[in-house]
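Peer 1: Take a look at the following structure, please.
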């Protein structure tokens, strides 16, 4: 059973990972979609569409990876329990 300290540590790691993902997504999508020489104070329609697609792809990949890692982790846990029972 997880203690409060362990749960707090897990929550802290989740926040850190989400912050890192957000930072990487922001940097990657900005570099890809927004020109370094600003001509207008607002985003152009093309920039806005590019950012929307970039963020959507980033989040989609993040979700798919999370599901895949969870299933792999559960498979590993089941295998370890099976070995421990033998």
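Every residue, even glycine, has its Cβ placed from backbone N, Cα and C.
Sequence annotations record features per position, and here Swiss-Prot assigns disulfide bond to 29-54, 33-50. According to Swiss-Prot, the feature motif 'Twin CX3C motif' maps to 29-54.
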Peer 1: Can you grab the distance from residue 50 (disulfide bond) over to residue 29 (disulfide bond)? Cα atoms, rounded to a whole Å.
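Peer 2: About 8 Å separate the Cα atoms of these two residues.
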Peer 1: What are the non-local neighbours of residue 29 (disulfide bond), defined as same-chain residues 6+ apart in sequence with CB under 8 A from its CB?
Peer 2: 50, 51, 54, 55, 58
Peer 1: Identify, among the disulfide-bonded residues 33, 50, the residue whose Cβ has the fewest other Cβ atoms within 10 Å in this structure.
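Peer 2: Each of the disulfide-bonded residues 33, 50 was scored; lowest Cβ tally within 10 Å is 50.
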Peer 1: Could you tell me the mean pLDDT the prediction assigns to the motif 'Twin CX3C motif' (29-54)?
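Peer 2: The average pLDDT of the model in the motif 'Twin CX3C motif' (29-54) works out to 93.
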